[in-house]
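What Swiss-Prot lists as active site is Cys16. Per Swiss-Prot, the feature ATP binding site maps to Lys19, Ser47, Arg48, Asp49, Asp67, Asp90, Gly138, His139, Ser140. Per Swiss-Prot, site 'Important for catalytic activity' is recorded for Lys19. Sequence annotations record features per position, and here Swiss-Prot assigns Mg(2+) binding site to Asp50, Asp90, Asp226.
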Amino acid sequence: MNEPIRLTQYSHGAGCGCKISPKVLDVILAGSGAQNLDPKLWVGNTSRDDAAVYALDDERGVVSTTDFFMPIVDDPFDFGRIAATNAISDIYAMGGDPLMAIAILGWPVNVLPPEVAREVIRGGRAVCDAAGIPLAGGHSIDAPEPIFGLAVTGVVQKKHMKRNDTAQAGCVLYLTKPLGIGILTTAEKKARLREEDMGLARDWMCTLNTPGSRFGKLAGVAAMTDVTGFGLLGHLVEMADGAGLTARLDYAAVPRLPGVEHYIAEGCVPGGTLRNFESYGDKIAALSDAQRDLLCDPQTSGGLLVAVSPEGEAEFLAVAAELGLQLNPIGTLLERQTHAVEVF
């Protein structure tokens with residue numbers, strides 16, 4: 001009998017941990033030319049937001065994003081599901097609604113059979129179906145490692161659009177998914193994942209961030225982004241720096257997957273964690289190693305990081321509960337201090 005194919009053995013990176021580090025990305029973008037200042041471009045790359053938004057008229061904008069990566073799990077169908085869920089998330093993070101997607105596929109055709117790639121596409125299509133959008137086409141290339149993702153188009157009302165740099169002092173921070181995706185998937189790749197933890201990370205990575213569309217319609221939601229490859233601290237630095245504020249994070253209140261402390265102690269910390277910290281660690285007040293290993297953990301298809309005004313909290317929590325989310329605050333935003341983020 002043939003051994004089952006383990007997709008993670010065919011790639012050097014995994015999921016959003018494949019991202020080029022913020023520090024290196026700065027070097028790449030610094031010499032790439034200035035962005036065209038089109039007044040219809042409501043959101044571009046200046047704030048490192050989740051997606052671009054271009055005006056259709058005075059009230060509506062088209063939301064455009066793309067995301068792709070190498071396998072973070074061995075099962076091809078699940079890889080397709082995770083990659084698609086992660087890509088569509090950027091539309092929800094802007095407060096928008098997805099309209100359609102096209103696939104991006106890189107495949108080592110001389111190494112892995114096309115039937116495996118078909119399962120990846122099937123997984124991606126299943127998620128598009130769940131999101132209520134067509135997978136309308138795509139593009140494929142022969143590549144040395146498997147790569148899959150989507151380019152997604154959505155729409156948003158200008159009054160409901162949520163950016164990552166518009167929070168105000170006094171806002172309360174919420175996170176809709178637990179941290180630890182990178183830690184548990186690293187443990188799985190090293191064959192150290194305990195039986196009781198099997199499937200935990202996969203199930204969270206396959207959970208669509210559809211609540212973002214509802215949160216976008218709440219006036220009390222001042223800013224929103226999704227937590228992906230740069231870890232919670234990386235995306236929180238972007239949110240705080242962009243608004244000229246400091247985020248004060250309550251480490252004990254941050255949701256985390258069961259067993260993360262065990263796996264950190266076992267050395268199951270992905271390489272992206274340290275790359276993340278090296279990129280933005282100077283913007284963060286002193287951390288313990290344990291705090292760094294969790295808070296800089298690269299998330300794939302992570303949750304929404306939401307900044308909510310105090311007067312909008314009750315409505316926000318009511319909507320979250322209606323959507324099946326039991327959320328607790330993880331920190332606050334305050335006037336700028338020495339660092340962009342403080343952890344206590």
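The backbone N, Cα and C atoms fix where each Cβ goes, and this holds for glycine too.
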Chain-internal residues near Ser140 (ATP binding site), provided their CB is under 8 angstroms and they sit 6+ positions away: Ala103, Leu105, Gly106, Trp107
Residue pair Asp90 (Mg(2+) binding site), Asp67 (ATP binding site) - Cα distance, angstrom, rounded: 9
Cα-proximity to Asp226 (Mg(2+) binding site), 10 Å cut-off, over binding-site residues Arg48, Asp67, Gly138: none
Assigned conformation of Gly138 (ATP binding site) - DSSP reduced to three states: strand
Alpha-carbon distance [Asp50 (Mg(2+) binding site); Gly138 (ATP binding site)] in Å: 21
